[in-house]
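Structure, as structure tokens:
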Amino acid sequence: MFVFIAKLLIFSSVITSAFTCYQCFIDENDSRRLCLGHILTEYNVRNVDSCYKTLDRIFNNEEKVIEAGKVGRGYDLTLKNILMAEIMPIVEEFDQQLNYDTEYESRLQAAANNFIAAASSLPRVSGCLPPCGFQVQGAVYNCVTCQYDSCEFPLDCPGKEITVQENNRTQMWCSVPFLLPADVEIVWRYAQDRTMLRERFDDVTVGVDPLYSIPSARPEQSGTYQCEVLSQEQSLVRLYFYLTVVPVAQTYHVHLQDLCAQALRPEPQFPPSFSFWLPRPALLITCLTATMLLIFLSLGAMCRLWYQIRTNVSNPA
């Protein structure tokens, strides 16, 4: 009785410490059936603990097995089927049978090699794309933890600055570089100030449209626009747009300042390339206009003088 309890304690401790890649897919009862007939060749005695150590060495702690198990989301079931196809025939064959450790070593190593070859051909994960978002398709299966590792990025993306003149059209796209599920819901929100605090925003639209458009922007529409993407009520990513609408009067004022600055800017001093000076076009036009005006005034005065002389000759005193 004492020997049985001792074996049971050893078996329980081994099961607890061996929760890694092999235990992700193979049931504990099947592992027990596999290892109960394990015989140490050197001592010709049954040793269950040595069998589990062999499983750890060949499967659970082998880097090649762990790397082969890093598949994309949705392929963990395929991974399980591959491993069970290699292990379960050995379990059924060794169940309630005594086999030497050399036989265990040979059969389990062959099963591990076959698993590595088959699992390595499965689609790999596309990878995590920084800097933000819960990237469902980017997660990778971890044989050590028996679950998918997330990309561990924050949900909030860095804000994007947008500046537009009053009465002009502006658009904001709720787009991300990673794949999204097909059942996403997009919520657009607005806050008057520059913020990322959820309580400062008011909902604007809810639907599936990734585009938010303002046909004719007004200064009072300046502020922060938030786009949140959800799937099954779980937030996947939040994008922020900091919109600044420049009033028309301010635009004209800035334009006038630029014109004045250009007019007052001194002309660059360059050594003359010719011996005579060429006037600027604007000054030349002014001079020509003044000259033509003087000519017309002179002609007018001459005509008036000629008319007066002719009148005096025709009507002598």
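Glycine is treated like the rest: Cβ placed from N, Cα and C.
Quick look at what Swiss-Prot annotates:
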type     : residues      : note
DISULFID : Cys21-Cys143  : disulfide bond
DISULFID : Cys24-Cys146  : disulfide bond
DISULFID : Cys35-Cys51   : disulfide bond
DISULFID : Cys128-Cys151 : disulfide bond
DISULFID : Cys132-Cys157 : disulfide bond
DISULFID : Cys174-Cys227 : disulfide bond
DOMAIN   : 123-237       : domain 'Ig-like'
CARBOHYD : Asn29         : N-linked glycosylation site
CARBOHYD : Asn168        : N-linked glycosylation site
SIGNAL   : 1-18          : signal peptide
TOPO_DOM : 19-281        : topological domain 'Extracellular'
TOPO_DOM : 303-317       : topological domain 'Cytoplasmic'
TRANSMEM : 282-302       : transmembrane segment
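Across the range of the domain 'Ig-like' (123-237), the DSSP-based residue counts are 6 helix, 49 strand, 60 coil. Note on proximity: of the recorded positions Asn29, Cys35, Cys51, Cys132, Cys157, the one nearest Cys146 (disulfide bond) is Asn29, by Cα distance. Looking at Cys24, Cys128, Cys143, the disulfide-bonded residues in this record, the fewest other C-beta atoms within 10 angstroms of the C-beta turn up around Cys128. Among the recorded positions Cys128, Cys132, Asn168, not one has its Cα within 10 Å of the Cα of Cys51 (disulfide bond). Considering only the recorded positions Asn29, Cys143, Cys227, the residue whose Cα is spatially closest to the Cα of Cys132 (disulfide bond) is Cys227.
Between the disulfide-bonded residues Cys51, Cys132, the minimum number of other C-beta atoms within 10 Å of a residue's C-beta occurs at Cys132. Comparing C-alpha positions, Cys24 (disulfide bond) sits nearest to Cys151 among the recorded positions Cys128, Cys151, Asn168, Cys174, Cys227.
The Cβ of Asn29 (N-linked glycosylation site) lies under 8 Å from no Cβ of any same-chain residue at least six residues away in sequence. Neighbour count (other Cβ atoms within 10 Å of the Cβ, all protein chains): 17 for Cys157 (disulfide bond).
In terms of local Cβ density within 10 Å, Cys227 ranks first among the disulfide-bonded residues Cys146, Cys227. Distance between Cα atoms for Cys151 (disulfide bond) and Cys157 (disulfide bond): 14 Å, as a whole number. Closest by Cα distance to Cys143 (disulfide bond), from the disulfide-bonded residues Cys35, Cys157, Cys227, is Cys35. The Cβ neighbour count for Cys151 (disulfide bond), using a 10 Å radius over every protein chain in view, is 19.
The Cβ of Cys35 (disulfide bond) lies under 8 Å from the Cβ of Val48, Cys51, Tyr52, Leu55, each of which sits 6+ residues away along the same chain. It is 22 Å from the Cα atom of Asn168 (N-linked glycosylation site) to that of Cys227 (disulfide bond).
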